[in-house]
Amino acid sequence: MGVEGGMKCVKYLLFFFNFIFWLCGLALIVLGVLVQVALHSTVVINNVSASSAPIVLIVVGVIIFFIAFFGCCGAWKESYCMVSMFSILLGLIIITEIGAAIAGYVFRGNLTVIVHESLNDMVTKYSNGTDEFKKALDKLQIDLKCCGVSNATDWRGNFGSENNSVPDSCCVNVIAGCGQGAMEDSSKVHQTTVVEELLKRENIMWGHCSGTGDRFRADHGHHIRLHVDEGHSQWL
């Protein structure tokens, strides 16, 4: 049975919003796949909860995709069965979102902990790491204009034979040997922290270092992905 007047308007509105919903689901699937590929080709945080994020994105995207499909088809074909299925699935997704919001609030501090632990591990493995591993951490510090996880003293005992030396990438002006004996010299080495600011960056997936970091933005064309895995890493 067709619909007339105002009901016809409702039909098209329902179809339109479900189509937008469908596109969002498709976008999440694509994003999840891209992130999953990036996890295996770039430097990422080696943490189970962090590395499972793209899988969650894909699953949520697939669920939204099919729910929106039922909504679109049900509205267009005026199918009572499909619209009913859409309503049931939409109710379930709302309940799930409420649960996810509660879980996100409860575990809101976990990301900071993950970042700290991963970066601390990278600093301790720096001296014995591969050249690629060192270049990845050096590039991070240069891009963010920082030094260490919390401050330059994180390198004490983790770099060189002198306790007051840091990698050259910590220097304000990066030149060969500039970090030797310069750990506490604020005129030569970055001393401040950028933990909270870095975690808020819009296009940074995971990352952490101390420093000012204001000039590191999405226009670099890169995301930071930190990975600690037997001293191996790759920077993209």
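We number each residue from 1, going along the chain as drawn.
Quick reminder: no glycine exception, Cβ is built from N, Cα and C everywhere.
Bear in mind that the values here come from a model prediction, so they are computed numbers and not experimental data.
Annotated disulfide bond per TrEMBL: C146-C178, in sequence order. Residues or ranges marked as transmembrane segment in TrEMBL: 12-35, 55-76, 88-107.
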Tertiary neighbours of C178 (disulfide bond) (same chain, Cβ under 8 Å, six or more apart):
D168, C171, K188
Does DSSP put C146 (disulfide bond) in a helix, in a strand, or in coil?
strand
For C146 (disulfide bond), what is the tally of other C-beta atoms lying within 10 angstroms of its C-beta?
29
DSSP output for C178 (disulfide bond) maps to coil
